[in-house]
Amino acid sequence: MIETNDPAIWRNFLPWPGAETHKHARGRLGVVSGRAHQTGAARLAARAGLRIGAGVVRIYCPPDAVAVIAPAIEAVMLTPFASAEALAREVEEMDAVVVGPAAGLDEATVANIQALASSGAALVIDADGLSVFKGRSAELFALLDRDDVLTPHEGEFERLFPGLLHRGRVAAAAEAAERAQAVVVLKGAETVIAAPDGRLRINRNGSPWLATAGTGDVLSGMIGGLMAQRMDSFDAACAAVWIHADAADRFGPGLIAEDLSETSPVSLRALWMAVRQG
Ligand SMILES: NC(=O)C1=CN([C@@H]2O[C@H](COP(=O)(O)OP(=O)(O)OC[C@H]3O[C@@H](n4cnc5c(N)ncnc54)[C@H](OP(=O)(O)O)[C@@H]3O)[C@@H](O)[C@H]2O)[C@@H](O)CC1
Ligand SMILES: Nc1ncnc2c1ncn2[C@@H]1O[C@H](COP(=O)(O)OP(=O)(O)O)[C@@H](O)[C@H]1O
C-alpha cells in the first residue's frame, strides 16, 4: 500500500526524553568523516543528529582530519581511526552510524562500510558510500541488515540500480528496497521511502529551498539521530524526511544546509506539542 508521509502515522513513535534518562540512554550516533579537506559533510550530519535528539554524537575521522574538525565542533565529540579494523572497534558502543557523506570514492570507504556492517550499529549509507559500489552493488547489498538505510539521490540511485528509474520513482524505490533488503530513501522533490517488507510512503511536503549543497548530509544525520534513539528505521526515515522539509520551509529564502539544524527544533516543538495535546 502506498501512503502519503503524514506525521500522524509516525508522530507517536518519535523519541522524547523521559525524566530519568541520561545522554547515553537517549542514543549514541556515530558519523564517519572523510579526509582533512572533506570534513564539512560529516559535521553537518553530526550536528543534525544531535539536534534531533541523539544524546551523544561522535565523529570518527582519519588522523589527518583531527586538526581540521576539532576547532569546528563543540558538543560533537571526535575520535580518530587509522584503519577499518580500528573503526569497527571504536563504533562498538554506537547505536547508529552514518557513513558516506564526502567519504571518498576509494577502497578505504568500501573497507570502512564492510567493517561497520560487522558492528552492532544500524547504518545510514549516503553519497560516496553508495557511489563507490557502482557496478558492484551486490557487494553492498550482501552487507546490509533490514534496519539499515540507503539515501540515494537519483544520480546515486542510478549507480546502484541501473535502469530501474524507468519504472517510475515509486516502483523503482520499492524494487530497490526488495533487492537491497534494506530501507531505501529515494530523494527528490517528492522523496519516496520504501522498506523491504513492502511499506511505501511518498513525502509531499518537499521544499525547493532544499536544493542546495549539503542538505542531503543533514538528512542522513537526522535519520541516524532518530535511529540511534531506537526508532524503527523506516519510520525514522519518514519522520526525518518530513522534518527536514518542514524546517526548510520554515526558513525559506536564503536557506543553506547549516540552517536546517537550527530550524529543526521549531518543527520538533510543533510535533511535540501535537503529541502532548493528544
Ligand atoms: N559540505 C560538504 O562537504 C559537502 C560535501 N558533499 C559531498 O560531495 C561529494 C559529491 O556530491 P554530489 O552529490 O554533488 O555528487 P555525485 O553524486 O558524485 O555526482 C553529482 C552528479 O550526479 C548527477 N545527479 C543526478 N541526479 C542528481 C540529483 N538528484 N542530485 C544531484 N546530482 C544528481 C549529476 O549529474 P548530471 O545530471 O549533472 O549529469 C551530478 O553532476 C559527495 O562526497 C558528497 O557527500 C556534498 O554533500 C555537498 C556538501
Ligand atoms: N526541488 C526540490 N524539492 C524538494 N526537495 C529537494 C529538491 N531538491 C533537492 N531536494 C532535497 O534536498 C536534499 C538533497 O540531497 P543531496 O542531493 O544528497 O545533496 P548533498 O549531497 O549536497 O547533501 C534531499 O533531501 C532532496 O530530497
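Every residue, even glycine, has its Cβ placed from backbone N, Cα and C.
Note that TrEMBL annotation is computational and uncurated.
These features come from TrEMBL:
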type: DOMAIN; residues: 6-271; note: domain 'YjeF C-terminal'
type: BINDING; residues: A41, H153, D217; note: (6S)-NADPHX binding site
type: BINDING; residues: K187, G188, A189, E190, T191, G216; note: AMP binding site
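In sequence order, H153, E154, R169, G206 are the residues near G188 (AMP binding site), counting only same-chain partners six or more apart with C-beta under 8 A. Distance between Cα atoms for A189 (AMP binding site) and D217 ((6S)-NADPHX binding site): 16 Å, as a whole number. Take the CB of T191 (AMP binding site) and look out to 10 A: across all protein chains shown you find 27 other CB atoms. Listed in sequence order, the residues H153, L186, V192, N203, G206, L210, V241 complete the 8 Å Cβ shell around the AMP site centroid, once K187, G188, A189, E190, T191, G216 themselves are left out. Taking every pair among K187, G188, A189, E190, T191, G216, the residues recorded as binding AMP, the greatest CA to CA distance is 14 Å. A41 ((6S)-NADPHX binding site) carries a helical DSSP state (H, G or I).
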